[in-house]
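These come from Swiss-Prot:
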ACT_SITE  Lys614  active site, for sulfotransferase activity
DISULFID  Cys818-Cys828  disulfide bond
CARBOHYD  Asn231  N-linked glycosylation site
CARBOHYD  Asn351  N-linked glycosylation site
CARBOHYD  Asn401  N-linked glycosylation site
CARBOHYD  Asn667  N-linked glycosylation site
REGION    1-169  region 'Sufficient for localization to Golgi membrane'
REGION    40-598  region 'Heparan sulfate N-deacetylase 1'
REGION    599-882  region 'Heparan sulfate N-sulfotransferase 1'
TOPO_DOM  1-17  topological domain 'Cytoplasmic'
TOPO_DOM  40-882  topological domain 'Lumenal'
Amino acid sequence: MPALACLRRLCRHVSPQAVLFLLFIFCLFSVFISAYYLYGWKRGLEPSADAPEPDCGDPPPVAPSRLLPLKPVQAATPSRTDPLVLVFVESLYSQLGQEVVAILESSRFKYRTEIAPGKGDMPTLTDKGRGRFALIIYENILKYVNLDAWNRELLDKYCVAYGVGIIGFFKANENSLLSAQLKGFPLFLHSNLGLKDCSINPKSPLLYVTRPSEVEKGVLPGEDWTVFQSNHSTYEPVLLAKTRSSESIPHLGADAGLHAALHATVVQDLGLHDGIQRVLFGNNLNFWLHKLVFVDAVAFLTGKRLSLPLDRYILVDIDDIFVGKEGTRMKVEDVKALFDTQNELRAHIPNFTFNLGYSGKFFHTGTNAEDAGDDLLLSYVKEFWWFPHMWSHMQPHLFHNQSVLAEQMALNKKFAVEHGIPTDMGYAVAPHHSGVYPVHVQLYEAWKQVWSIRVTSTEEYPHLKPARYRRGFIHNGIMVLPRQTCGLFTHTIFYNEYPGGSSELDKIINGGELFLTVLLNPISIFMTHLSNYGNDRLGLYTFKHLVRFLHSWTNLRLQTLPPVQLAQKYFQIFSEEKDPLWQDPCEDKRHKDIWSKEKTCDRFPKLLIIGPQKTGTTALYLFLGMHPDLSSNYPSSETFEEIQFFNGHNYHKGIDWYMEFFPIPSNTTSDFYFEKSANYFDSEVAPRRAAALLPKAKVLTILINPADRAYSWYQHQRAHDDPVALKYTFHEVITAGSDASSKLRALQNRCLVPGWYATHIERWLSAYHANQILVLDGKLLRTEPAKVMDMVQKFLGVTNTIDYHKTLAFDPKKGFWCQLLEGGKTKCLGKSKGRKYPEMDLDSRAFLKDYYRDHNIELSKLLYKMGQTLPTWLREDLQNTR
């Protein structure tokens, strides 16, 4: 109690005036604190008239500081997040947002774009305790800074808990404050600056691909740059630059020497302030070094989950050797330069070798000086790699006879043997990439017959542009690799006459499109031409400068491999690309130009009946075939009326094989082909494949009660003597546990899984628009087929409609409707259709009713969303569920 007594004595000696004075001081302090936080919370950028001057000399600014408490940074936990990037954009068409997406797509990183919410809902960030995103990118960092309190806290807590970083861009405009503090951060921004001479901070921890040994001399693009300044140890500069002149930045001070200081244009937040790591850019991605650092930022903030290895494989093809007009070909000095440059490039790319593609027919068809160049080139035959073009440089798709095509190849091979050119490289390129994609079957067969070709390349798969979408595939035992352009074409032979000026070529090389191609692709096959190596030798100029630039600015390890080994490496990296995706050749003009004129897209079906099995698809197939304007496919010797192209191994036989199942169209416009394959419905690959080849097709599916469908499939298997179906009862099949045999589980899946109607229709809706899909009531098709066929005709939009009431008749013996022929006779389906089965046992029906309850509810929601009528069986089932 002595302390209490002392306090009482002290209070007796303190005057009331002193107490009031202390209370006044306390209130002032409280008001000051409250105003600071309230005022700071409501602004994205705070004016900073007396911001501390940046000390931006060498070493770079951002001196360590411990003024603010440090928070531990949560380490990235790859197993807890999906490798998906969430990109917040200003709009779906904003330039910076598209550039960010383009880099992610080029790197084959998965992403999701969202319009940046101001006060809207934040996308769901977690799913069952797992983070949905490994990285957050804001096109406009102020959209993040100014998030409403709820969403900001939600996002920040997610980033801390799951170790997720943020990349943000600040793009100044005419309304931007010249000097401001970023709300809630110990970071100052100085905007609308012109900068020059950019350098890289060698101490930056995020550097991976970027090599910090160079300075990019000269003016940086634009005058709207923002630089960052802070005294907090959480901020580390990544890129630094000088201002163009001290006069242009009065808000940074009037020191005459200030313009020579370095200012951070990209800054890394190490997470010491609030536990979240960030990388902030003071401009967009127009500056090439920003693209390079952006790639490193993505890698660093995701713990290299979203990054490519440093190895880059490069192959330079020189097409049209011996081909070319006089004046465009290589002479003796050009050939020597080619050989010397190859040796020079080997200093940076071990065993680098130019790959020469020849057409022997044109040997010695230039001037005397050019013919001497041909001779010298052949004397160096062992110094280069070689691959065949066509003998006469003809486009293979123009040859419809495989034997004639093979004869042309044999002439080129004879020329090669006579001149000591190796013929076992296993690689070939078709002139203009003709016949590679779209596939010309005769080319692939002739290549294998004459040359034993294993690898080719094309720039046309799946399309020429955008180049970042080019992919590889394997067809008929031949690996097809994506081929890249490098800014050089047959007509670009003089440096000073380069389109747009020589500076355009240098821009492509030094940080431009060619540089980015190597940066973002593990394997690059470049297409050049003979004419690029004569005259000004732009081919040599381009690749010497490219390799030099890559060596100066990156840590990439440049390598090369012969074509076959390169293809094997490619499909080791991108194994998911082995399966091709056949597209409609008539949807791309370039594809149509290199597709045989004997083929027509009118031969493709306009309607697919996709199933599922045991719902009445064969009956619908028969009814459609009765229409005079509708023609079905020819039957298959293996799968009868079904082609089964899009869901299985037949797909790899190609579109020529597929088209053979349909008649050559007549001159009438009413031709309407269709095909029915009931196992397309629940196939995971069929929707995407079908939509690629038949993007405008209509799709029909028939649904019956999934319990009845499952039982019908079981009985179908028993009728075909399936030993598993004969051994087990239906109830045993559908209730089998996870410990059941693989064969029993397989039968169970074929009974149950196709009945997940909503799941499968959703997959088709991801490939086709809802107005291209019609869901038919299988029960109604069985009882009132004419009514259903009226709906189908309207859906298809056929010119001539027929009255199915007059063409269908019920056959009491069969128990279903059949085609009515002259004289009152009927044509019905075969004996395998309309079988009589025992009634399903009550326990099985009860089990399936419960099993499919949620699936049927989802189906009803989906059909409502599609604007389609609920089948009668579904309405009854839902009513009983209630």
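Note: Cβ is positioned from N, Cα and C throughout, glycine not excepted.
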Between Asn401 (N-linked glycosylation site) and Cys828 (disulfide bond), find the distance joining the two CA atoms and give it rounded to the nearest Å.
43
What is the number of other Cβ atoms found within 10 Å of the Cβ of Asn401 (N-linked glycosylation site)?
10
Rounded Cα-Cα span from Lys614 (active site, for sulfotransferase activity) to Cys818 (disulfide bond), Å:
17
Predicted model, mean pLDDT over the region 'Heparan sulfate N-deacetylase 1' (40-598):
91
Sort Cys818 (disulfide bond) into helix, strand or coil using the DSSP assignment.
strand
Across all chains shown, how many C-beta atoms besides its own are within 10 angstroms of the C-beta of Cys828 (disulfide bond)?
18
Provide the number of Cβ atoms within 10 Å of the Cβ of Cys818 (disulfide bond), excluding the reference atom itself.
21
Let me make sure I understand the structure: which of the glycosylation sites listed (Asn231, Asn351) has the fewest other Cβ atoms within 10 A of its Cβ?
Asn351
Quick check for the class: what is the C-alpha distance, in angstrom and rounded, between Cys828 (disulfide bond) and Lys614 (active site, for sulfotransferase activity)?
17
To the nearest whole angstrom, what is the C-alpha distance linking the residue listed as 'active site, for sulfotransferase activity' and Asn351 (N-linked glycosylation site)?
61
Please report how many Å separate the Cα atom of Asn231 (N-linked glycosylation site) from that of Asn351 (N-linked glycosylation site), as a whole number.
49
Taking the Cβ of Lys614 (active site, for sulfotransferase activity) as the centre, how many other Cβ atoms fall within a 10 Å radius?
22
